[in-house]
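Student: Quick paste of what Swiss-Prot says about this protein:
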ACT_SITE  C404  active site, for GATase activity
ACT_SITE  H537  active site, for GATase activity
ACT_SITE  E539  active site, for GATase activity
DOMAIN    305-564  domain 'Glutamine amidotransferase type-1'
Amino acid sequence: MKYVVVSGGVISGIGKGVLASSTGMLLKTLGLKVTSIKIDPYMNIDAGTMSPLEHGECFVLDDGGETDLDLGNYERYLGITLSRDHNITTGKIYSHVISRERRGDYLGKTVQIVPHLTNAIQDWIQRVSKIPVDDTGLEPDVCIIELGGTVGDIESAPFVEALRQFQFEVGRENFALIHVSLVPVIHGEQKTKPTQAAIKDLRSLGLIPDMIACRCSEELNRSTIDKIAMFCHVGPEQVVNVHDVNSTYHVPLLLLKQHMIDYLHSRLKLGEVPLTLEDKERGSQLLTNWENMTKNLDDSDDVVKIALVGKYTNLKDSYLSVTKSLEHASMKCRRQLEILWVEASNLEPETQEVDKNKFHDSWNKLSSADGILVPGGFGTRGIEGMILAAKWARESGVPFLGVCLGLQVAAIEFARNVIGRPNSSSTEFLDETLLAPEDQVVIYMPEIDKEHMGGTMRLGLRPTIFQPNSEWSNIRKLYGEVNEVHERHRHRYEINPKIVNDMESRGFIFVGKDETGQRCEIFELKGHPYYVGTQYHPEYTSKVLEPSRPFWGLVAAASGTLGEVIKDINLSEGNENE
């Protein structure tokens, strides 16, 4: 097993996740099987109870793990399926060590950071790195390890020490370190002092960088590269220029041009890893597909505007998987994507009384969009604005996709304005004692624990069965006319089964349900160009080269190409089945 560690210095949020994902993707083009581990040095057990406005989105895995958003980057770039154990947190590793101490596993010894915690980290890495993550079912060849935060922070100290020991445990030819640093441009001059200081700190902790990836707003000058190489004690070929590009999907090709993979191939002796001809051909095809995808991205002239109506729009990372899924779909449709960010509460009449400009600006964005997306969320703030957005899309014939909460608000809007129940709502927003039974469109799932928040939702990969007589459905056609699909869930509330008949009698058809036939998973409005809602989160399984089908449908419908896309899907997947 080969290990490539990606660490960061100077500041956090510097792009370690994209660089780690891009490095892994390039290693896959050699035919290697690649896995990833993310280390998050916070005390939380997982990201499940963290505010999206503080930490960005919570990414959900097949096994129901609620993890850091970077695991989504790994899955999207590498086309792999990770588990909750691929995300190591301080809280998780401390809990593991403490539970072992309570069992008496340490035989009465004084349990310390070194060696007990650091050994636990190393053991965890070695165990998880061997878990198969792709459709081959084989053990990976390379593990990318991203160390979150900034080297030198007190929170990451135990992990840095564990990695220092780990490099000797696995051997130099099996361990490489890429350090990501910032090269700011001040008054037109590229400054290297922050990088020099970061590398000095890194070396003082016992970690020697094999490559220094320099993040900069512009391409590095040759003199800057030479200066960093000289003062950081590396060769110029070990300094990688990672300047700003139009799209992060260009980063792998940017690294490829600078011979990063050639260096890692030599440094880690990757030529000794046994590969079949099929492995090499698959890797070569991956590179070709990626190059074609970026070319389509560059050559696209037509713009598609999607209004994202949410409640966490102040921090775009709150909807990272959603925006990435829209990007994947737009590239597939050969369109330039323009996301119109609409804060849901700004669509509500109360905002007009307080700030008319904000109100009118938000409605102008919504009304000018080619398609409307209402993503998931929790709580009551902005709900009426989301309902108004769903109403606008339904009445105006604008393509609409509602995800999780988005499905629920679309159902509430339909019950209010089509069925004629103006008091319809969800028991999440109003106590069930305040709602008449017929007005409870969305209810709390009976099996969910109301007392404990962490890990108590309906989580992870679950089947959705397309219902009889749903062959007309666009969303079913987008999935290739299959009878069932498997998608990831994260919710506590569901459509009330008691209102389904009334909804369906008016054309609001629940075309997909769970295996019991009771829980509603997908709806589609008959007679509308594209008005779809999913209780699951299709954004969690979207890949760069294989977009999520509901998102693909939204962008295609917004671009006027839905019929062509459905035809192409059925042709290609029909040929594969033959």
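Positions of Cβ are set from backbone N, Cα and C atoms, glycine also.
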Student: Cα distance, H537 (active site, for GATase activity) to C404 (active site, for GATase activity), nearest Å?
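Tutor: Taking the Cα atoms only, C404 (active site, for GATase activity) lies 6 Å from H537 (active site, for GATase activity).
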Student: Taking 10 A as the limit, how many CB atoms besides its own sit near the CB of C404 (active site, for GATase activity)?
Tutor: 23
Student: Are there any residues in the same chain, six or more apart in sequence, whose C-beta is under 8 angstroms from the C-beta of H537 (active site, for GATase activity), and if so which?
Tutor: V60, S321, G376, V403, C404, E487, R488, H489, R490
Student: Taking 10 A as the limit, how many CB atoms besides its own sit near the CB of E539 (active site, for GATase activity)?
Tutor: 32
